[in-house]
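S.K.: Starting off with a structure, shown below.
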Amino acid sequence: MTEYKLVVVGAGGVGKSALTIQLIQNHFVDEYDPTIEDSYRKQVVIDGETCLLDILDTAGQEEYSAMRDQYMRTGEGFLCVFAINNSKSFADINAYREQIKRVKDSDDVPMVLVGNKCDLPSRTVDTKQAQELARSYGIPFIETSAKTRQGVEDAFYTLVREIHQYRMKKLDSSEDNNQGCIRIPCKLM
């Protein structure tokens, strides 16, 4: 069984925990209880492959920002979550993305941009804006509602597919690097 380490990042109050709990336990948590750090595991089948999702739900509050580097180091892929009714949370996405790239020391890190709370009528972030941002980053964009479950599996499963593609790409490039090697058998005398 293949394990995937997913990290859910975003500003406080955007619904990171609600998304994660909706995926893991199939229910919506409507009271806001700020997270420091919670870890969840779930076995799922994605594209015919049994996968173990190791999901780290993180603190969005600024006072916990010092912990971010640590969990960003261990994560393989990131759900970058904003709330469609909170323009500031959308503006914050770039800072999360830049921090992930810095900590991972790479411009190529599996990520999915997630616009949560799409069930709410009071939208301040236009879908087109989010699509444009995701396109400029070269990552998928998915709108979700932790309340109605819309797009929840799609967001997490898309991230797993992004990580899988990333792993295959790294594997291919490491095999390409070995093409020029000459193997010389040695004999012990």
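One-based numbering along the chain as shown.
Glycine too: its Cβ is placed from the backbone N, Cα and C atoms.
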S.K.: Suppose you had to name the range Swiss-Prot annotates as motif 'Effector region'; which of 32-40, 104-112, 140-148, 176-184 would you pick?
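M.R.: Checked against Swiss-Prot: motif 'Effector region' maps to 32-40.
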S.K.: Within 10 Å of the Cβ of Gly13 (GTP binding site), how many other Cβ atoms are there?
M.R.: 16
S.K.: Check each residue in the chain of Cys118 (GTP binding site) that is at least six apart in sequence and keep those whose C-beta is under 8 Å from its C-beta; list them in sequence order.
M.R.: Ile84, Glu143, Thr144, Ser145, Gln150, Gly151
S.K.: Looking only at the region 'Hypervariable region' (166-185), report the model's average pLDDT.
M.R.: 70
S.K.: Need the DSSP three-state call for Gly10 (GTP binding site) to compare against my parser.
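M.R.: Gly10 (GTP binding site) sits in a strand per DSSP.
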